[in-house]
């Protein structure tokens, strides 16, 4: 009898060599990145995430075992000006002034504190939004970085003419910004080599993309000049936030706007095949008292469309003001339980089924961009972004 059992087990292993991998490999994730710890500790309100397969940090902390986000003051000596360029100068204000040795020392301390485990393999996002890494893109309130750079260039090269000094400022800023970001992410990867390191908010796209269906050529050229960001990153984290102002436009425009950002992300990552996780929200403006939550059509355009276009996941973000009262926490919990959670659950299940059945667990399903969004699609509509070591007739 024992001999027959052994034979049956061996046959099962031969027939189903990927069965364990299928159970462990998650082809799409929805990750919670909101400070809901406050809801539990202060207001005794728990956001129901686990029942729907939404990943979240232990104790609902903003930073933890699944995802960590580093804002400007939380990683190294990032230089910026507070109050959106109108406040205090921090760490010299511009990348040209950063002492990289001191930056690395503080970086090590910051990462060790935020990510104590050297085996951390979750999402690690660097959210630096003080200035743009290209001189040409620092317009509006960000012009302060041009002003500081020009002043710094004049102080270093007093013999130069005004025009030569300005050109030197442009070159020095672009060079220093690139060096700071590259050296930062390289050191981060060295310290936590299994984490999915990347910068928030790239690639860039214009606000009118919903009208045309594509990011403007000007923005695509900016992204081409920042190819080094995508090459150095482990993962890419584009923002697909919808704001209250977007509600003034047709839903098709909102859908197309998000689609344009995702298509631009696919374009800039085509050569290096970096995975991407879109950053979305659950409310159009999570900072106001009377939050307006995403309607189902917009959940489809954000969650489902990300999965449909080959994304590795979606991060659902919110700030501290969204959880600063018992009423807000209660409303978020109700919304997650009745709308966001069930929707995310279906998207997760369908993405996994498609990966298993259409791609034989050797890749992720991907369909061509659609003009409209539906929660459930036929698997025959998809092809596969196949893993590097796999080839098949359904591979793109």
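In case you wondered, yes, glycine gets a Cβ from its N, Cα and C as well.
Automated prediction, rather than curation, is the source of TrEMBL annotations.
Some features that TrEMBL has for this protein:
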type: ACT_SITE; residues: 129; note: active site, proton donor
type: DISULFID; residues: 39-329; note: disulfide bond
type: DISULFID; residues: 205-215; note: disulfide bond
type: DISULFID; residues: 354-365; note: disulfide bond
type: SIGNAL; residues: 1-21; note: signal peptide
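Feature map: TrEMBL annotations on the structure.
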| residue | record | DSSP (3 states) |
| --- | --- | --- |
| 39 | disulfide bond | helix |
| 129 | active site, proton donor | coil |
| 205 | disulfide bond | coil |
| 215 | disulfide bond | coil |
| 329 | disulfide bond | helix |
| 354 | disulfide bond | helix |
| 365 | disulfide bond | strand |
**Report entry** Spatial neighbours of residue 215 (disulfide bond) that are distant in sequence (at least 6 apart) but have CB under 8 A
**Finding:** 203, 204, 205, 206, 209, 223, 260, 261, 263, 264
**Report entry** Pairwise Cα distance for residue 129 (active site, proton donor)/residue 39 (disulfide bond) [Å, integer]
**Finding:** 27
Report summary line: Cα-Cα, residue 365 (disulfide bond) versus residue 329 (disulfide bond), nearest Å, comes out at 35
Report summary line: Most isolated by CB count within 10 A, of the recorded positions 39, 129, 365, is 129
